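See structure below.
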Amino acid sequence: MTIFCSHCHRPLQAERSCLPTRAKQAPNASRPFRSTKSASKARRDQINAELQVLRSLLPISAQEKERLSYLHTMALVCLRLRGAQLFPPGLAPPAGPALGTELLSLLPGFLLVLSADSKLVYISDNVAQVLGLSVVELLAQGDTVFDILDGRVGEDVHKKLLLACKEPGREVTFVSEMRTSKAFRLQHGGNRVVAVCGRFVALHWPPSPSSTAFLALCTPVVQSPTDGEAASQDDIFQSMHLLDMTFIDVTESVAYHLGYHREELVGQSWYSLLHPEDADLAAAQHRTVALGAGAGAGPGPGPAEGTAVLRVLRKDRAWTWLCVWARRDGGCITCTCRCLREEEAAHLRARQPRAAAPP
């Protein structure tokens, strides 16, 4: 008995010849969702259109929007979404842009807000004055705080943020280099050292990781007295000494920083204020400055020779860290002193060249 094929009604031995015919009739039967060039182009056009819509919603100028790449657009959109989650528009107090700009100009650094998982939520616009990078350019580095910091301190920063997150309201400080523009690195010889000081705050009640933010002020660590862009006169005082480091004058602001009145210090020795463990370092700096330039012998020593990070005794018997830049002016030595946090002092002291004693 002959068995016929149910498809082509031919004898069974001829069924093999009908398989190519069926394949031609349904070439995509086994792959119904196969991509084509036209479908790929349609998807790209749809994505581009969506990105254009997102770009148009960003609260920045038209000129800035024109310069945004797709990467920058998505970075800004994600930043705004994280900010809207922590700071709902309905709960934000009204503030005019002029007032915000004026307040930012008075800060010694820029503001930084992080989510509980270290994601960037807000960076104030004056970051460009400190790092030479705009908010958009900084976001191109990544979306977490670790993407804009020196990778060598990542573990230490992570521990401090974890500690602050477990104890909301506890202030923590960490010091690290932050990424800067190429022009800044060429001018200053590297990235900028920044001290980040902040705490976790519960923005809504009851507190939860989704409603907790790390609010911080990022201030540049001044590494030379000529770093005028980063310097703040609020934490600096000056003193003048004889060549043996006896005080002959000091600015009145020393009372705010160390608690002494000017009259209490004039006639006293600088060494009477120094921590015993820092006396040798101060003596090496003293010798270098005193012997490195005579009266009228041109400019004094460079910042490395005339700089030291030291502890001095406050009037309340507590120790405070100072970064001291010393130079010789004829028969006197002038010191510019800046108060430091302990974390700033540790960072600078680990990197400062030690002044060598003369043979």
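Backbone N, Cα and C atoms are what each Cβ position is placed from, and that goes for glycine too.
Values in this document were obtained by computation on a predicted structure and should not be read as measured data.
If you look up TrEMBL, you'll see 20-42 marked as region 'Disordered'.
Counted with DSSP, the domain 'BHLH' (31-84) comes out as 42 helix, 0 strand, 12 coil. Summarising the annotation, TrEMBL assigns domain 'BHLH' to 31-84.
Secondary structure of the domain 'PAS' (102-149), assigned with DSSP and counted as helix (H, G, I), strand (E, B) and coil, comes to 18 helix, 13 strand, 17 coil. Residues or ranges marked as domain 'PAS' by TrEMBL: 102-149 (among others).
Annotation comment: TrEMBL describes 247-278 (among others) as domain 'PAS'. Among residues of the same chain six or more beyond the domain 'PAS' (247-278), those with a C-beta under 8 A of the stretch's C-beta atoms are 235-241, 308, 310-316, 319-320, 332, 335, 337, 339.
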The domain 'PAS' (247-278) - residue tally per DSSP class, helix then strand then coil: 15 helix, 6 strand, 11 coil
